[in-house]
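**Student:** Questions regarding the structure given below will be posed in turn.
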């Protein structure tokens, strides 16, 4: 039986999604709680491996467990039960059954992670490879009058005002399928070819802006590098030609700043509707991308 989890978290107390020995992570906490519930090791596959400090309001993961046995948990009751066990793990009232778990989670982690839904899905569903697109929002406050300490952990307090119109104009050169190596931290064997579908800067209120980003998938630190590059344009230090040249370089550009993690939130993941479409999308995604340029390995 394959089960999809819809997940939200404040990334502040976690060292990212991916489990790491001795560190508090989102994956580690969830797998600990699921292992307690099912009395067997449960491994999660996730749509977006968010970095330390990055938040999520629309994260998706899946896992597979046998349909028979003495520890069957109905998906209808899994989300609330998982919430209770998860809170016990995060508070330290329940020891993690997994090796290399952290000795303790930070106190602010207790209510920082929530599973909002658990749903049975077809075996062709893969949270990572079946995804059509990931949506991210990066929030920036660029006016002292708009700074609010109550929301300081989910936005970047930028020191100077930014030109949103200039940022939008320059962003257009990055849309489409390209090798985004200039905006990624390289990983062995991973392609940096991606299709960027949206890169839009919006003023949501005086002194506040959102950069909305959507792509089929993202390389390591790609979203934060795109945001960092746009802020260079927004403060008139760089221009559209610089962005175009960086993209054409097809190699990491040290001059591109990586925006702080705290402003970034994974807001949505899109999937096909039918089993056949899920499988087709999974097969397509697993295949290496090729846009006529050498694939980086």
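Every residue number used here counts from 1 along the chain in the order it is shown.
Cβ from N, Cα, C; glycine included.
This is the feature table in TrEMBL:
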- 51: active site, nucleophile (ACT_SITE)
- 136: substrate binding site (BINDING)
- 172-272: domain 'Pseudouridine synthase I TruA alpha/beta' (DOMAIN)
**Student:** Taking 10 A as the limit, how many CB atoms besides its own sit near the CB of residue 136 (substrate binding site)?
**Tutor:** 27
**Student:** The domain 'Pseudouridine synthase I TruA alpha/beta' (172-272): mean pLDDT?
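**Tutor:** Mean pLDDT across the domain 'Pseudouridine synthase I TruA alpha/beta' (172-272) comes out at 95.
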**Student:** Just the number: how many Å between the Cα atoms of residue 136 (substrate binding site) and the residue listed as 'active site, nucleophile'?
**Tutor:** 13
**Student:** Using Cβ-Cβ distances, find the residues under 8 Å from residue 51 (active site, nucleophile) that belong to the same chain and are at least 6 apart in sequence, listing them in sequence order.
**Tutor:** 16, 17, 220, 221, 224, 261
**Student:** Of the residues in the domain 'Pseudouridine synthase I TruA alpha/beta' (172-272), how many are helix, strand and coil by DSSP?
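**Tutor:** Summed over the domain 'Pseudouridine synthase I TruA alpha/beta' (172-272), the classes give 32 helix, 32 strand, 37 coil.
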**Student:** Reduced to three states, what secondary structure does DSSP give residue 136 (substrate binding site)?
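**Tutor:** Strand, per DSSP.
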